[in-house]
Amino acid sequence: MQKSANVLVLDGDPLNRVVLENTLSEEHLVISCDNSDKAFERLTQTKFDLIIVDILMPDDEGLDFLLQLKADPMCYQIPVIVISASNSYQDEARGLTLGAVDYIVKPFSPNIVKARVKIHLAIKQKNDLLERLANIDGLTEVPNRRALDETLAQLWYQSRDQHVPLSILLVDIDYFKEFNDTCGFSAGDECLVKVAKALQSISQRVDGFVARYDGVRFVALVNKRGADQALALASAMHQAVDALEIQHPSSPICAHVTISVGVVHVSDDFSGDQTESLVLADEALVKAHQLQERVVLVNR
Ligand SMILES: Nc1nc2c(ncn2[C@@H]2O[C@H](COP(=O)(O)OP(=O)(O)OP(=O)(O)O)[C@@H](O)[C@H]2O)c(=O)[nH]1
């Protein structure tokens with residue numbers, strides 16, 4: 001039977017682990033650990049939807065686990081239910097203040113645990129959906145400008161600190177105003193969706209990220225690759241859009257829809273911040289248009 005969620009349990013007491021597994025494993029995949037090292041290891045292997053942790057483990061192990069989890073950018077959003085033998089208000093307040101979403105006192109009723117897990121999984125599902133909607137472009141369904149700004153900032157500082165190159169590719173659909181004027185706005189929308197999907201699928205092959213930047217422009221980001229690989233990515237994007245063969249009757253340069261790409265390859269100069277490189281990519285793109293080149297590369 002398909003399990004609806006992945007639940008991680010950290011509890012030093014073997015009997016509690018068995019009871020929790022029996023309570024939840026009919027509906028969920030339950031992985032239980034008796035110490036925090038194993039729990040952290042599991043977190044690197046599986047995507048968990050909910051964590052149940054006993055914060056009264058010896059040496060404050062459960063408490064430390066909760067603290068570390070909430071400080072970890074990869075895990076802090078996973079809801080945590082604290083389970084504890086203490087029914088003191090102070091302990092309950094401490095668990096909730098540290099970021100737990102709920103506090104259950106041992107010995108617990110399996111039905112209450114089941115019900116609370118269900119509630120928190122439903123809230124998480126809604127939060128995940130909101131997060132997705134906030135970061136996805138409504139038309140093309142690729143990441144939006146907000147997601148781009150976040151990812152670019154992250155990759156910029158990561159690449160700078162790890163001394164690896166970062167390539168920023170700004171992609172524009174050529175003569176799109178003319179395309180809309182001749183083929184209609186809804187054909188324009190369809191074209192944008194197809195181009196976005198093509199750019200995304202090509203970029204994913206090199207672990208790249210693509211977002212809609214504005215109107216008819218997209219940005220692709222790829223790090224740890226040389227300038228030649230950034231150019232190869234631009235070339236693969238051109239080929240993918242050409243292969244769509246979307247007729248463009250009013251384009252002065254080609255019978256079908258084409259793109260132009262401005263590339264900034266940052267390997268040495270990470271001074272300033274990432275927005276300056278976006279400006280450079282924009283200038284490279286303008287140059288590509290002016291020179292009627294398919295791609296213009298700027299090295300930094
Ligand atoms: N169908 C559709 N059109 C859009 C959308 N967003 C922006 N546009 C149109 O895209 C056109 C972009 O025009 P420009 O930025 O001048 O670019 P262009 O016509 O491609 O000119 P060049 O960049 O010089 O090739 C404008 O006419 C916008 O109205 C959209 O979501 N759907």
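Glycine is no exception: its Cβ is also placed from the backbone N, Cα and C atoms.
The domain 'Response regulatory' feature in TrEMBL is assigned to 6-121. Regional average pLDDT for the domain 'Response regulatory' (6-121) in the model is 95.
For 164-300, the entry in TrEMBL reads domain 'GGDEF'.
Under DSSP, D54 (4-aspartylphosphate) is assigned to a strand (E or B) in the three-state scheme. Under the heading 4-aspartylphosphate, TrEMBL lists D54.
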